[in-house]
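Here is the structure we will look at, set down as structure tokens.
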Amino acid sequence: MAPKKKPNKGGKEMQGKKIGGKKDASGTKTPELAMVEELKEFYHKQIQDLEDRLARYQRKWDELAVREKLFHQEFEQLANNKKEIVAFLKRTLNQKVDEITDLNDQLQSLEVAKDMEKDAFEAQLAQVRHEFQEIKDQLTTENIALGIKLSSLEEFRLQKEELTEKYLALEEQLHRQEGEYKEYVYNLEKKSVLDKDRLRKEIIQRVNLVATEFRKMATNQMWETTRRAILENNSVTLQLNKVSKHGVQLLQENEQLKGTQNKLCQQLEMLENTQEIMARKNIGHKKIILMLTEKCRQQRKGTEETEQLRLLLSQLEQNFQNVQRDNQTLRSEKDQLEAQLKEKQAEANRLQEELTKEQKIRANLKTVLIQATSMLQDIVHMQTEAEDGDFDVVFQLQRKELLQQLLVLLSSGVVLKTQPDMGSHQDKQPQGLSKESQRITQTSKEGAVSLLQQLSTITTYKPGDLGLVPRRPVRIPLKPQDLRPLSYITRMGICQNTNEIYPSGALKRFRKFTLPRPFLHRK
């Protein structure tokens, strides 16, 4: 603004001088020549003003050229940066490709390991396939759990879809904002153009008005009009300067907006390129994620199968331990049974020995019984002969003697029977028999002893008795508890003896007496 004001001040001074000079020369020169010279000076000043303005505009042009060079350098720097960014992105892309190849190699190695493990698991599965039917219910429960997991994965998919929808909405918002920005830039440019046109029209109108007023007032008030014209010219120049400044500012703003627009366009292109690259990478990553999820699912299935196999093996180990425990218990039971078997065999041997002894005793008793029957038959024959004849003392003596012999014979048989029983019971008692067997042996002993005592009380004669008069028979009471421990042969012999001693009316029965076959052949 300083160089603009200086020419105006110089113009005012020259105008003052010109007015003074004109006043001095007014008397010498004509008014027409003075007007021509003033017009020349006026136009000369205008030319100087315009030259000054041209110089200023040239300086501004130089400054704009320098700025353009700077902008060009910045543009080249941005291009270099773009190239470096592209190279960096290419390097990162190559690194990612290398990482992907490494991941593929790892995936292949994992697949090989998985195939090996799968073969091993299939072999194990073939070994225990027939046992998996028992855990069908467990597998159904696991399928239910997997269904729950699948529902959770479905929820994850829905969340992913929501995120993709949000991403699309953000993209739409970005496009909308870009459109709004373009409209805003277009409106600014339109406004600047309209402002320029309006200012141009206003300037033209003002110049026309000034020219018309100058023509009107030139004839009447030349000096005032010139002064006013100069003042208006100054004001117009000031307004033009303001307008030019405003235009320069608008141009600068326009250039800045264009630069920002170019930058934004470049950024938009870069973002679109990066978006495309990221979309491709995202697609590749999605494929990799799907592959990895599939592999992870397969690995989880493999781990679940291994867990199932481990559980099955643990169950089998528990079953094996239970079987071992059962086997140990069975072995202990077997040992106990073997010990019991040995005891039973020993007892069977002992019983066999007792049986042989009993058979021997039975044979002896049979002989004794046969002898007793023969003696009883002799007694019966003798008694029948005595009934036919008279009473004979000799017969009575013979009968008593035979009865004594029979009593001795029976008592010897009873002693032979009771002695082995007592010996056998004495042998059995240290071996720890039952209380019932001990009670039976004790009662048998007591019965045999009581029977012997009763038989021993029978005497053949008394002091002072010659046997001429028959004595009153002594009845031996037969008690069941006394006869129960005795054998069948002994009991039959006692019954025969009692019937022989007391022949009340059963002599005919004794005459027809014979041993039954089961008794003779009994073992």
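Heads up, the Cβ atoms here are built off N, Cα and C, so glycines get one too.
Quick look at what Swiss-Prot lists:
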REGION    1-31  region 'Disordered'
COMPBIAS  10-26  compositional bias 'Basic and acidic residues'
MOD_RES   THR30  phosphothreonine
COILED    32-191  coiled coil
COILED    248-274  coiled coil
COILED    302-371  coiled coil
REGION    419-440  region 'Disordered'
COMPBIAS  429-440  compositional bias 'Polar residues'
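Taking Cβ pairs closer than 8 Å, the coiled coil (248-274) reaches residues 60, 71, 78, 82, 85, 89, 178, 181, 185, 188-189, 192, 195-196 in its own chain, all 6 or more past its ends.
Around THR30 (phosphothreonine), no same-chain residue six or more apart in sequence has its CB under 8 Å from its CB. Model confidence over the coiled coil (248-274) is summarised by a mean pLDDT of 81. DSSP assigns the residue listed as 'phosphothreonine' to coil in the three-state reduction, placing it in neither a helix nor a strand.
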